[in-house]
């Protein structure tokens, strides 16, 4: 098991592996009280007045809520909650398969399962999306273009930060934006949105309940977030940033022939280009080029 996880980790592309590692280390560090989430969250006033510029980066690395999961005892409680939820799920499904469960008992078991896991599902789902869709984008759509993928994340982080800063100054919605301390979930949702736009016809299934095409994946996940009681603002911000990138990178260049999001050369210099190696077939001899005949008049 450990070897399989290690192999899976080593096979990740560089940006995905680095981002996932930083997110896990940051979350565990906060859980064990090595660092505090209050030193990581996005606070424009502290960034401008106290020059705490690291907050512009660290708010994309923490995948929990403020005031949650910040002590070692909380970490142990979380593990016990997850174990309890898994036990309830296994018991319910095994009983359901054996047809030994009544409708009333099924409703009670499902309610218990949702109450146990709803608090933890948001974190697990976003970590899963980070590992899966970040990897899919980097390995497929951005294969051999690591600098372009890094620039996409930089663009998304800049757009999300700008939206929160501007939204905090608008009277009627400033209170909603003031509650957004971390944009990590929004950046993950942006990657999901971009992937769905680039792969719109892939058939998917949500928890085995219904099937749909990848073009509707962001909306399905948005509905699920509302169902488990999390804020829809976080996912909506990711969709806005993702659509902005998709339009400027894919739609606008086809309309005008210009590419406004061309990766700067200094960012490309940070990443080595992947060379494409063409293997020559073994035991194959090529005939020499034909010699032109000399015609004498």
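From the backbone N, Cα and C atoms, a Cβ is placed for every residue, glycine too.
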Pick from 51-72, 227-248: which range has transmembrane segment per TrEMBL? 227-248
Given 19-40, 149-170, 227-248, the one sharing the most C-beta pairs under 8 Å with the transmembrane segment (201-221) is 227-248
